[in-house]
Amino acid sequence: VCQTQDWKAHRHCDDSLMLTENWSACDSHGDASSLQRVYLKDLQMSKVIKGTDIQASVVEFYSPGRFFLLAQRPEVLEALQSITTELQKIYSCPSVTTYVPCVGEVCAVQFSCDLNWYRGLVQTLATDQKTANILYIDFGNEEDVPVDRIKPLATNIQPFCPCAMECRITGVVPVAGDWSDECCISVRQLLAGKIVTVKLVETLEHGRIHAVNILLSMGKQLSTFLVEYGYAAEETVNTTPTEQEIYAMMSASLDNFRRLSDGKDDNTWAQPPEPLTQAVGDSFSVMVTHLLSPNEIIVQKVENAGVIQELQLKLREHCCQVPAPQNFRPAPGTVCCAQFSEDKQWYRAKVLAYSSEEGVCVGYLDFGNSEVVDLSYLRPISTELLALPMQAMPCGLAGVQPVGESWSQDCLLALQRRVSNRILRIEIQGAHEGKALVAMIDEASDPQANVAELLTSAGFAAPAPNFFCVAMCAKAPSPACEPLVWSSAELPSDGQTVALLASVVENPGEFYCRINNPTDHQRLIELGTELKQHCEGQASPFEPRVGEPCCAMFPGDGAWYRAMVNELSEDKVSVNFVDYGYSMKVEESHLRPITPQLLTLPFQAVRCRLAGVEPLGSEWSSEALLWFQTRVDGEQLCANVLSASEQGYDVKLESRGQDVAAALISEQLAKAPGAPPKETHATTGAEAKHQEKIKENEHSQIHVQASNQTGASSKEVPTDGTAALSEAPSFPVDWKTVELPVNETFQPYIAAVISPSLFYMIGPSQVDQQKLQGVMMELAAYCSNPRASSSSTVLSRPAPGAACCAQFSADNNWYRAVVLDVAENEMTVIYADYGNTERVPFSRILPIPVQLLQLPFQITRCTLTGKEHFPAQWPKEVQQMFESLLANGVLATVQSFSGSANVLSLTLPTEKGGGQLTAMILDALQAQAKSNPCQPSTQKAEQTDSSIPTASTTVVPDCPQPKLTTETQKGLENTTATTGPTIAPEQAPQTPQQNSFSGWSNQNSMDHLDQLVQLQLSLIKQLVGQTK
């Protein structure tokens, strides 16, 4: 029995694609755990001898880099016949049990074309475990098969090696990176249906793949044919240089350095900084910056993203100020600044060698890669820029080794695809030859995947004995402990006024301040330097105890601060940063013991509560939080203590000369203690007025309470890009949108529509991918911080239009987003850098820090020109018409920028009749008003809390509330956005006026339908007239 060559062709399936999230140890299903699974390693090895010629037929051809041969040898053909016949006998009776195979397992598989059974290798398994991608190992073809047609391979089937030999042509590589379609068609025509002479040159991948050359009927080798016709180039073979060659290269490098070095600055003082110190057992998130092999991987800590970004800013500033020196010729082994050839940015670099008199080979200390640059692209470095330890961490995967003498190209390609541009977690298991031996885990996959196990399962790696754990930093016994004595700053309770600066603002009922004392502030800056020196030089083990102080590293900027241990758990320690008020869980490895000298300055953070106010409901609303944060953040506050307790101080606050509590009540965002609640949700007007006020002070949110530890500035403003300790995240609605060029006409991509007054589109400019990746790293570090999730439970739900962090359901990664609609338990967001939308639960929403808003969103806020004539509330019919017109395609011209949105003129294309959308909208509004002058706004009713008296429905907000349409579903394929009106809260008992409103709606439903038809007819007439 043989499978014929007219089977449908299959696309080439690179082995690297086998490394997917589905590769994991299989769970037990029924009796599957008791079965003896069969893998490729259990089959016999091919007996083809290296260097011999065989006769074979090509049974499946994908490209010169992957094809399958069937050797025309009696033992192979007999084994194929025997195995196929035996399989039909064993599996002729149908089975009612479903067997779930493992990836990498060899099974009995029923082929879809002839329904016969053959041996198949499970290459991938679908997430739902209902289908698998199968490679028929005796014939070389592939297909997707339902699992009910896959059975475990019977033990009495002889373990003969795969009859189809997987091969690749030797000695050549494709000229364009991949084999072209023209090349594959030409070679297929030369080989199809023919028995050819094949020379086995080399066996790769533990005997699985054979590098061969084929003698064509024209008398040429296939490799020669490919080169002559321009399909391929000869493969360059990398050979290890001999000791003599290495010595010659080093001598040439030193000669190149010395030849022109007399009297030049050789930079010998600038020695490489210390590497990051880690210990066996440490676990943290990283991103791969450079990859050579599974044994040579360079990573950066995600938690140090802010530190690295700050370093890059300092390097750029330094190199822009330092002129190109004429006498600078740094010696090999010293450190300088080098300009990277690809992005023209400056980085810390170590001089490795001189390739010529003016060519210098440098290695980038914080990223791990190297290149040859011209001497003119180097600058001297400063002492300050050498203070930060090297951020590049060399690693190797623990427990694996190459299958052959070296790692295969397929292995390297698969590994690169698996780990590039992903946030991974590593666990240090030991050290070898100066590298950390790590387990690398992809936590974003479901289930979590161990990269080393994936390589082994795919046949790219073989298990290797783990080295015994070698400590990466010395463990010294802790010195005799001196008693620790500490104190906290106190506010005067005698009625005097004290100046405060807010550090962490949760809500009016809980916020932290520091006394605005320049002496203490300067002492805090100096303390930061002392903490850095103490903690980076401290290697002794530390056992935290609840209620005792320590030193803790803040993940946002990698700096050390004083902290108090609040709670111990299995793998984390809950601490409070006592000089700022920030609480979070940190790794125990990020704690150090503290000395009495570091406790002489009283703890600076003072817990406060705004006296004289209570929330309108059970918790503070997002409007109240935003108002309060904007009013106190970055402002010098005047405070009077009214009472004190173990929970902190009740204070009366003044900001900008205004009583904060009184202003909060007057804005209808709070109430006096014991007072009955006022119109709790009739605050949209106040909110709109508030938005106007915060636009006047849009920079007031850029505040800092963590001290700038460089000591270069007396103001509390952090360096751009650092994750300041106390920049309290929030849900800002006044985020800046990109200002588009005026009078530019283009075809817009509308991402979400709220109304003609507000819609979002994807900006025409391209995003800076490098900057966006930096933001993503900072975002991941912030959102993975337990403190971020705990603060979101304190904050109320954000208002529509607010910026936030949202966790995308398809990959569980965090992205920047804007809230479109808020329901009872979930909200609809648009992902601000991609334009797709989905509904997410509140548990997947976090407030966003200020520094993550510095890079503009890719979506832009827009409004239709003529806004001065638009109503505060849009009739549903007119809004639907606007959405329909946008869906059919329009042209946009930027008229102006209003300060918060781009004002666009939208027109229909000429082939669709032309016409201005503003004129159509205004005509539709006029027609709707004539046909129904007294109709209430159903949209307004939906957005009014049922517990509010009917009078509150007359409050007309300045900005319409979002109402999603099918337009918001455009975007990524994997989004789970839903459409429809906003879900109103569960209705409370209605007032008589509310009942009459509902009755009006029921009695006039048919009249409303007639009005809608009349409106549509009038609109059609207008469009027909414009077309004529």
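Keep in mind that glycine also has a Cβ here, set from the backbone N, Cα and C atoms.
Taken straight from TrEMBL:
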DOMAIN    100-160  domain 'Tudor'
DOMAIN    329-388  domain 'Tudor'
DOMAIN    543-601  domain 'Tudor'
REGION    672-692  region 'Disordered'
DOMAIN    797-855  domain 'Tudor'
COMPBIAS  931-955  compositional bias 'Polar residues'
REGION    931-1001  region 'Disordered'
COMPBIAS  963-981  compositional bias 'Polar residues'
COMPBIAS  988-1001  compositional bias 'Polar residues'
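Within the model, the domain 'Tudor' (797-855) carries an average pLDDT of 88. Secondary structure counts, DSSP: the domain 'Tudor' (329-388) has 6 helix, 27 strand, 27 coil. With DSSP states grouped into helix (H, G, I), strand (E, B) and coil, the domain 'Tudor' (797-855) comes out at 7 helix, 28 strand, 24 coil.
According to DSSP, the domain 'Tudor' (100-160) comprises 3 helix, 29 strand, 29 coil.
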